[in-house]
Amino acid sequence: MWPNTSAAHFLLTGFPGLEAAHHWISIPFFTVYISVLLGNGTLLYFIKDDQSLHEPMYYFLAMLAATDLTVTLTTMPTVMGLLWGNHREISPGACFLQAYFIHSLSIVESGILLAMAYDRFIAICTPLRYNSILTNNQVMKIGLGVLMRGFLSLLPPILPLYWFPYCHSHVLSHAFCLHQDVMKLACADITFNRVYPIILVALTFFLDALMILNSYILIFKTVMGIASGEERAKALNTCVSHISCVLVFYITVIGLTFIHRFGAHAPHVVHVTMSYVYFLFPPFMNPLIYSIKTKQIQRSIFRLFSVHSRA
């Protein structure tokens, strides 16, 4: 059987009832879009350019920034196209590929946050073995494992979308493609596509969150055993940025999940807005958090501005 490439185009949806205001709505979206690109792009530049940031903690941060950049570049072009020019049509192939990247990168981001928790656990609980455990080779293996888990685990539910017949309405509920949106339009048995994502979420987001929580319980136990209050504060301060990013990511995940599961009677605009918060808030906040809370990155920023001011 060949993929169902002859299926009609899908139609994206912006903010129903607010079509006349789409140009105004596009202003904050474009502002956040540019901020995400600049913030994460700058982080990647600093980590590449500054030798003092060539450490496992910052390599993982670079992976997080690259993931945030990619998920934003995957979703925002169709969003801005709809808000600016009312470009609603998207081909089935482009739609399925967009859904694949959106969901895969969410799992990748969860995995990177878990890897960063592991980094903090090793740094605080076994500091003398830190450099021997988290070598550059080991960091590369962890990064590759995180990527493979994200991209391979999404193939089973996404590939069937190419073969499903679509005889229901082709109107999607967002300005980008999501697996759960597309599968509901198929005239086929979608039992697997309904069940598999639930199992996948339990084995990725839920388990990652549990392991991150367990890591910090062990970290706090170790920190509380340090005699000096100043040393305790210094050790905990290295975790603040990561904890903040974890909270931003998982609070938005939980918020979106609650809206989808229990917000059946909530206005559609609430569902749509929460989806945009989920995709844009973490990529927007992560560079800010690390710029404000990490002294090494602050020094890189000051060094950059001082070079430009002298020039």
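Any Cβ shown, glycine's included, is placed from N, Cα and C.
TrEMBL lists 39-290 with the feature domain 'G-protein coupled receptors family 1 profile'. If you look up TrEMBL, you'll see 30-47, 59-84, 96-118, 139-163, 198-219, 240-263, 269-290 marked as transmembrane segment.
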Close approaches to the transmembrane segment (240-263) from elsewhere in its chain (Cβ under 8 angstroms; 6 or more beyond its ends): 64, 106, 109-110, 113, 116-117, 120, 180, 205, 209, 212, 216, 270-271, 274-275, 277-278, 281-282, 285-286, 289-290, 293-294
Top partner of the transmembrane segment (198-219) among 59-84, 96-118, 139-163 - counted as Cβ pairs under 8 Å: 96-118
Averaged pLDDT, computed only over the residues in the domain 'G-protein coupled receptors family 1 profile' (39-290): 91
Winner by Cβ pairs under 8 Å against the transmembrane segment (30-47), considering only 96-118, 139-163, 269-290: 269-290
Contact set, same chain, for the transmembrane segment (96-118): CB under 8 Å, 6 or more residues outside the stretch: 57, 60-61, 63-64, 67-68, 70-71, 74-75, 78, 90, 142-143, 145-147, 149-151, 153-155, 158, 161-162, 176-179, 181-182, 200, 204-205, 208-209, 211-212, 215-216, 242, 245-246, 249, 253, 279, 282
